[in-house]
Amino acid sequence: MTKKIITLVGRPNVGKSTLFNRLSIRKKAIVHDLPGVTRDRKYTDGKIGSFKFLLIDTPGLEENPDNMGKRLMEQTTQAILEADLICLMVDGRSGVLPDDKLLSSFVRKYNKHCILVVNKCEKAFDFDKEYYKLGFDSIVIISAEHGTGLIDLYDEIIAKLSIKESIERNIADPFRGDCLQIVVSGRPNAGKSTFINAIINDERLLTGPEAGITRESIEIDWQYKNTHIKLIDTAGLRKKSTITASLEKLSTSDTINAIKFANTVILMIDALAHLKQQDLNIANHIINEGRSIIIVVNKWDLVEESEKEAFQAEFYYQINTHLPQIKGVPVLFISAINKQNIEQVLDACLKIYKIWNKKITTGKLNEWLNFTTKVHTLPLQKCGRRVRIKYMTQTKTRPPTFKLFSNNPEKITDSYTRYLVNNMRDTFDMHGIPIRFTYVKNKNPYV
C-alpha cells in the first residue's frame with residue numbers, strides 16, 4: 001500500500017508551514033511572520049496518531065499574481081494534482097478574505113477530497129457562517145502552533161480517505177533505508193534549483209533571474225544508477241555582514257544544518273561571477289564539517305568559447321592554492337539550463353561518496369607509513385633522537401580519520417603532516433575529500 005498524499009493550500013501566512021512542521025515526523029519548514037516564506041512545494045513524511053502519509057506544503061497564493069506569483073501558482077497546482085486530500089487553510093483571526101474565496105473556487109474545480117482547516121483559533125472562537133459559504137462540507141478548527149484540534153483533523157482525514165483502522169501496520173515506502181544525501185549549496189543565483197530541476201526533468205523547484213528565490217532546504221527523492229539519492233536544494237549563502245533580515249538568517253541556518261547532515265555537497269559556482277571569497281568560505285565550511293565535496297561551475301554556456309581555456313586554468317589555480325585540504329577535488333563545468341554535463345555531476349558524487357567511505361587495513365597503512373617516513377624522514381630532537389611515527393590505524397570513515405602514534409607528536413610540523421596527507425591521497429586514490437590525522441604520544445618516549 002502506497003502512502004496517501006495530503007496537500008496544504010492557502011493564502012500567505014495562514015499557518016501552512018506551522019501545520020506542516022506539526023504533522024511532520026521532523027521539522028522541515030521555516031516559519032516566520034513575514035508572508036510568502038514558502039516558495040516551493042515541500043514534501044515530508046507526516047504522521048497523525050498511527051496514520052502515516054506524505055505531506056506537501058505549498059506557497060501562499062494571492063489574487064492578481066505577478067510573474068513570481070504565477071510561478072508559485074504552478075507549484076501549488078502540481079501539488080494539488082498529486083494529492084489524495086487537500087487541506088485548504090484559512091486564518092481564524094482575520095475571517096474569510098477575498099483571497100480565501102478565490103482559492104476555494106480554485107481548489108474545488110479539481111474534484112478532490114478537501115477539508116477546510118480554520119487555523120489560529122487559540123482563544124474562544126466565534127464561528128463565522130461565512131466559512132460554510134466557501135462550499136466545503138468538512139470544516140475543522142485548529143491551532144497549529146499549539147497543537148489543538150489535531151484529533152478532529154485526524155478524524156476528518158480518516159473519514160475522507162476511507163481508511164480503516166488497520167493503519168497501525170507499517171506502510172510500504174519504496175525509499176525507506178539508506179540513501180545518498182546530496183546537498184546543492186552556493187551563493188545566491190548560482191543555478192542550484194535549475195540544476196536539480198534539470199536532473200529530475202521536472203520544474204519541481206521555483207527558478208528565475210531573481211537572487212534568493214529559494215528560502216529553505218527542499219528534499220527530493222531520486223533514483224540514479226540503482227542508487228537512492230536525496231537531492232537537497234538550499235538557500236544561497238551570502239557574507240554574514242550582508243545578512244540583516246531575520247528571515248534570511250533562518251534560511252542561512254537551514255542551509256548550514258543541511259550541509260552538516262549531508263554525505264556529499266555540490267558547491268555550485270556561477271561562471272559569470274567567477275570564484276569569490278564567499279565561495280571559498282563555503283568550501284572551507286563544508287571541509288570543516290568533514291563532508292565530501294565536488295565543485296560545479298554552472299552557466300558554462302554563457303562563457304565565450306575563446307575565454308574558456310584561460311578561465312579553467314585560472315580556476316584550477318585558485319582552487320589548488322586556496323583549498324589544499326581537498327587536493328584533486330572534482331571540478332565540472334556545466335550548463336544546468338541546457339542540461340549539459342549534468343549526469344557527470346551525479347557520477348562524480350557517486351565516486352567521491354565511495355572514497356569518503358574508504359577503509360584501509362592497518363597492515364597496508366603501516367606498510368605505507370614505513371616507506372613514506374623513510375623517503376622523507378622526521379626531524380631530530382635537541383637530545384639527538386629522531387622524531388618517529390611508530391604506528392597508525394584508521395579510526396573512522398566519513399571522512400577517513402587516522403590515529404598516528406609518535407614518540408614526540410608535538411614536534412611533527414604542519415608541513416610534514418601535509419606531506420603525509422598528500423602522499424596518502426596519491427597512494428590510496430583519496431583525492432577530493434578531507435583527510436584527518438590525530439597524533440597520540442607513545443607511553444614509552446624511547447620507541
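Think of each number as a place in line: the chain as shown, counted from 1.
Even glycines carry a Cβ here, placed using N, Cα and C.
Lifted from Swiss-Prot, the feature list:
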| type | residues | note |
| --- | --- | --- |
| DOMAIN | 4-165 | domain 'EngA-type G 1' |
| BINDING | 10-17, 57-61, 119-122 | GTP 1 binding site |
| DOMAIN | 180-357 | domain 'EngA-type G 2' |
| BINDING | 186-193, 233-237, 298-301 | GTP 2 binding site |
| DOMAIN | 358-443 | domain 'KH-like' |
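The Cα atom of LYS192 (GTP 2 binding site) lies nearest to that of THR58, taking the binding-site residues GLY10, ASN13, LYS16, THR58, CYS121 as the candidates. THR58 (GTP 1 binding site) and GLY186 (GTP 2 binding site) are 24 Å apart (CA-CA, integer value).
Put simply, THR58 (GTP 1 binding site) is 32 Å from TRP300 (GTP 2 binding site) when counted between their Cα atoms. The two recorded residues, CYS121 (GTP 1 binding site) and THR234 (GTP 2 binding site), have Cα atoms 33 Å apart. Across the domain 'KH-like' (358-443), the DSSP tally of helix, strand and coil residues reads 32 helix, 22 strand, 32 coil. LYS16 (GTP 1 binding site) carries a helical DSSP state (H, G or I). When the Cα of THR58 (GTP 1 binding site) is compared against those of the binding-site residues ASN189, THR234, LEU237, the shortest separation belongs to THR234. DSSP gives GLY186 (GTP 2 binding site) a strand state. A coil conformation is recorded for THR234 (GTP 2 binding site) in the three-state DSSP classification, outside any helix or strand. For LYS192 (GTP 2 binding site), the count of additional Cβ atoms within 10 Å of its Cβ stands at 29 [all protein chains shown].
Ranking the binding-site residues CYS121, LEU237 by C-beta neighbours within 10 Å puts LEU237 at the top.
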